[in-house]
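S.K.: Sending over a structure as structure tokens; questions will come in a sec.
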Amino acid sequence: MSGLGLKMYLAYNILYLIALFILFPFEYLKRSRELRNRWLKERLGLYKTTPHYSNTPLPCIWIHAVSVGEVIASTPLIKKIKEKYTDADIIISTVTDTGQKVAQERIGNIAKVIYVPFDIPFAINMAVKKIKPSIFIIVETELWPNIIRIMRRNSIPVLLMNGRISEKSFNRYKIFRFFMQDVLNNINILCMQNELYAERMRELGADPNKIKTIGNFKFDTRPSSAVPEWTGIFRRQKTEDREQTNERGFTIISGSTHRTEEDLILNAYMKLRTDFPRLNLIIAPRHPERFREVEELLKKKGLEYVKRSELHNSWFAESSESHRVSGLQTSYQASGIIILLDVIGELSSVYSVCDIAIMGGSFIEHGGQNPLEPAYWGKAIVCGPHMENFPFIDEFYRTGSALKTDSDSLYESLKGLLISPERILSMGNLAKELYEKNSGAADKAIAVIEKHL
């Protein structure tokens, strides 16, 4: 390493320690008493010795996924790793508590879940000594300079998988290109989601021979196939509409909405019901703490609704002869139903009963929510102007499998779809085709990992 490189690492370490000193009290105290001790010990690299840590010649594969999104994205890869290397120890580290929770729920049965050490040499060296990883895999964007350098110094291959680099991060990294070049070239191989991200890595100084474009793990993530029984009412409505009126009942899902978006969507829905009186709406707020807030908004607008938390699946089972729910009785036969999805974990499978999926987080400057869940089920996708978190959405727009609109045009956009059922069906089919076409990144990643183990 050059003298300039050493100075850059020294400067980085000083700035990191200053930031850690300032933020540590808040990070420590915001956690429960039960969690604080484990969080601090693990972030210092003081892990407990358990059977999950590699004390044998068997490979130990350490995967780092910063938070929930990266954990979910890496799940297909981790499952494939376990299938191929049955006896290997798999470690997955996160930074956030929510990442820990989701990792435990999704893959806790096949991997040991830990907090990643602070990016300080002492903590990293302790972690490496305890865990003895055979390989270190970074998911998406977590480029911690000291972790990468120390892994490489210990002859532990470092792989970037499902790599992406946003325009914001790219512009920031360009300022420190001479430092980032050294960081990136300590990585054995960079497997990027698409050619745009690959080109950004080349511009930052990464060795072009180390860069591969393999696709996006998110396309290998399958939503739960266990569709709740209560959704049967919407399937039954479609059947009855065709039999009795030669019309098709429509259902819109507004998934993972944020504040102000519910008001926008409900206003559009109320106007649409003038022309489509049997139109259903399932609205799913992104954050559980806002369930009550959205319920109050529904009341304020004088809309009848049903809370999912108050439903019993048996009321809506396909075999059930009763269509009575929370006082609405059989009103779905005369008008549409609004369901407030105030539970966690059902949205990805509930998309299966909708005709149109509106992506929450896209009508505000949040960056949107995951459009691949409705795409998996073959549904027409409607997005606002802010889908920056999912740059692959541009391919959906180009192929006509998703529609881009804005707050002012949402009503007209939805009406245009509802008067053209064949377009809704076509968009859904195209979305499903695009989803399937882009699947397979996890298999390509396994082939890369095999070469470095």
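Every residue gets a Cβ built from N, Cα and C, even glycine.
From TrEMBL, here are the annotated features:
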type	residues	note
TRANSMEM	6-29	transmembrane segment
DOMAIN	40-220	domain '3-deoxy-D-manno-octulosonic-acid transferase N-terminal'
ACT_SITE	Glu70	active site, proton acceptor
SITE	Glu140	site 'Transition state stabilizer'
SITE	Lys218	site 'Transition state stabilizer'
S.K.: Below 8 angstroms Cβ to Cβ, which residues of this chain, lying six or more residues outside the transmembrane segment (6-29), approach it?
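M.R.: Result: 36, 39-40, 118-121, 145-146, 149, 176, 178-179, 182.
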S.K.: Which residues, sitting 6 or more apart from the residue listed as 'active site, proton acceptor' on the same chain, put a CB under 8 Å from its CB?
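M.R.: Listed in sequence order, they are Thr94, Gly99, Val139, Glu140, Glu142, Asn162.
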S.K.: For the domain '3-deoxy-D-manno-octulosonic-acid transferase N-terminal' (40-220), what is the mean per-residue pLDDT, to the nearest integer?
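M.R.: It averages 92.
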S.K.: Can you tell me how many other Cβ atoms are located within 10 Å of the Cβ belonging to Lys218 (site 'Transition state stabilizer')?
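M.R.: For Lys218 (site 'Transition state stabilizer'), the count of other Cβ atoms within 10 Å is 24.
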